[in-house]
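A.B. asks: Per TrEMBL, the features are:
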- 1-363: domain 'SAM-dependent MTase RsmB/NOP-type' (DOMAIN)
- 114, 115, 116, 117, 118, 119, 120, 145, 172, 198: S-adenosyl-L-methionine binding site (BINDING)
- 254: active site, nucleophile (ACT_SITE)
- 368-435: region 'Disordered' (REGION)
- 389-398: compositional bias 'Polar residues' (COMPBIAS)
- 641-660: compositional bias 'Basic and acidic residues' (COMPBIAS)
- 641-730: region 'Disordered' (REGION)
- 667-687: compositional bias 'Basic and acidic residues' (COMPBIAS)
- 708-717: compositional bias 'Polar residues' (COMPBIAS)
- 718-730: compositional bias 'Basic and acidic residues' (COMPBIAS)
């Protein structure tokens with residue numbers, strides 16, 4: 001009956017993880033000591049013993065107390081702000097387990113079958129970027145969800161991590177299509193090294209969520225799992241079909257009911273005929289308390305009838321209860337399955353929710369796919385409004401062994417011509433549009449196409465020259481979301497995701513992929529380049545940029561992050577000297593830590609900025625500014641009550657200055673509107689504002705606010721004339 005503890009996870013791949021951990025321990029946790037809220041003593045947060053490197057923590061504070069208590073407002077603001085930056089994820093403890101058991105490496109191709117809302121997907125992305133010195137890992141994550149609206153929440157989650165290796169798609173997981181990739185000029189079916197199969201539950205929620213979803217106590221019935229079992233088994237089956245040999249799939253549910261858990265795994269193992277085995281993970285995640293999987297259970301109807309075997313089920317109930325819901329009767333078979341290797345996490349063992357996890361290894365092709373195809377040459381055959389492909393049957397299984405008559409060498413030329421006429425033109429243009437099937441348009445929204453920049457596109461040459469990009473820069477991976485008119489944003493994906501996009505536009509509904517690396521600035525052409533750098537993609541771009549980099553000291557960084565448009569005279573003499581002969585326009589501001597000054601920030605910072613004639617400005621989102629300032633020991637907290645008491649004049653001044661520095665966030669146009677609309681529908685406040693502003697404007701933390709307020713308007717007016725940047729719009 002106790003509320004579920006609040007848990008948080010520090011983003012592991014960020015170079016700032018150690019700094020955030022240090023700030024949490026030395027500042028925020030110490031401030032919680034001896035604190036009482038509503039008569040309850042606040043316990044100091046403790047690290048989850050089984051999570052690596054102290055990167056996950058839990059506290060006895062419920063989410064409600066964290067939000068409402070004035071004493072905890074500072075801590076709550078910190079959590080919200082760092083969550084927005086992607087440096088912290090607030091995620092239930094048991095939800096962190098499946099990605100850890102996948103054992104992901106940076107070169108792995110990963111499918112997350114039922115990914116929304118995206119906390120586990122974020123973990124997978126972190127694991128791909130374990131080495132921050134590699135901007136483009138060879139692996140990628142394809143995150144899928146059947147719910148179109150939830151896909152946009154998934155985009156919002158993934159975008160916080162600024163990875164070029166994530167693609168969000170919208171399909172029914174039980175029939176997700178086979179994808180193809182180009183391997184040395186040959187088309188091959190894409191098999192995944194790792195698959196996360198966190199299967200869905202009813203709107204009510206799985207019974208393992210009883211501590212955070214109190215409706216479960218009143219509304220739970222055995223009917224819930226009877227309705228879900230078939231779908232969960234179909235999704236898991238589709239997952240193992242797409243798993244590479246030697247690959248690992250983690251099946252998980254937030255339920256404790258064996259019908260959704262061991263029954264699904266046992267059925268999968270039985271029909272795999274030895275192709276699958278349960279992995280023994282008893283030595284993994286030491287410190288995690290777990291129970292073994294069970295081997296005996298009964299099946300109960302809503303009216304209270306119990307059944308021990310399928311033969312006992314009356315014929316009029318055999319549509320509700322299926323044979324796969326019962327335990328295996330053959331003791332030898334049952335023993336060989338090793339169902340005790342499944343993990344059951346019980347709520348009272350370590351103050352968590354309830355959870356079930358099973359780790360499957362694929363040793364050989366599934367028996368119905370013994371001849372695993374290297375390539376599917378057949379084009380989808382359209383019949384009316386439906387689409388039939390060689391890769392998909394009605395139940396989501398691959399129809400391979402059923403087609404001996406159409407061997408690769410005997411395929412009629414007509415099929416080849418049909419395929420070529422449909423796809424060659426768009427592939428030559430590097431266009432990956434939405435699937436043309438009418439069936440796909442019955443739900444969701446039509447997405448803008450993904451158009452890769454041609455190799456000889458005149459747009460790129462000025463960019464390459466202006467930023468002195470390294471010859472190794474993968475310009476073929478640049479894409480836009482428009483086929484006609486001016487290109488406003490340039491995005492970037494990894495080489496591997498480009499391969500997936502170009503070869504599967506006909507069969508895949510892509511919601512989002514790529515990170516924004518450049519934004520068009522209408523006045524930038526006069527300075528030599530029409531595109532300015534975007535903070536979202538700067539850590540990916542930085543290794544390739546050899547010009548327009550200014551190394552700054554920590555005091556310069558503080559000025560950039562706390563003053564909106566500071567004069568050059570405010571910066572150190574070294575910085576002034578570096579910018580003296582540099583042309584106006586977009587710049588990179590780089591801070592490198594000094595090992596001889598251990599009290600200073602000890603992680604590097606890369607910021608996007610703009611150099612005017614007499615000033616320097618940082619283009620960084622509000623929460624990211626606050627993050628860097630906290631890491632440097634600058635106090636950014638301002639109580640809401642005090643903010644409300646500030647005069648109208650200050651408020652108007654802040655609003656005016658906000659208007660001067662607006663910069664769009666990452667989810668543009670339709671996507672941004674959809675995320676906001678969706679969140680409004682589920683009763684949440686949109687956590688991304690469409691504006692970026694300085695820490696000073698939002699937090700009112702500048703000591704010289706009055707003084708800077710007197711000259712800011714005239715100074716901005718002057719800069720507007722010089723650079724056209726007075727009203728920067730995305």
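A Cβ is built for glycine as well, from the same backbone N, Cα and C atoms used for every other residue.
Just so you know, TrEMBL annotations never went through curation; they're auto-generated.
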A.B. asks: Could you state, as a whole number of Å, the largest distance between Cα atoms of any two of 114, 115, 116, 117, 118, 119, 120, 145, 172, 198, the listed S-adenosyl-L-methionine binders?
C.D. replies: 20
A.B. asks: Do you know offhand how many angstrom separate residue 116 (S-adenosyl-L-methionine binding site) and residue 254 (active site, nucleophile) by C-alpha?
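C.D. replies: Per the Cα atoms, residue 116 (S-adenosyl-L-methionine binding site) and residue 254 (active site, nucleophile) stand 14 Å apart.
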A.B. asks: Near the Cβ of residue 116 (S-adenosyl-L-methionine binding site), how many other Cβ atoms are there if near means within 10 Å?
C.D. replies: 24
A.B. asks: List the same-chain residues at least 6 positions away in sequence whose Cβ sits under 8 Å from the Cβ of residue 172 (S-adenosyl-L-methionine binding site), in sequence order, or say none.
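C.D. replies: Within the chain, residue 172 (S-adenosyl-L-methionine binding site) has Cβ neighbours under 8 Å at 146.
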A.B. asks: Grab the pLDDT values for the domain 'SAM-dependent MTase RsmB/NOP-type' (1-363) and give me their mean, rounded.
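C.D. replies: Across the residues of the domain 'SAM-dependent MTase RsmB/NOP-type' (1-363) the model's pLDDT averages 91 on the 0 to 100 scale.
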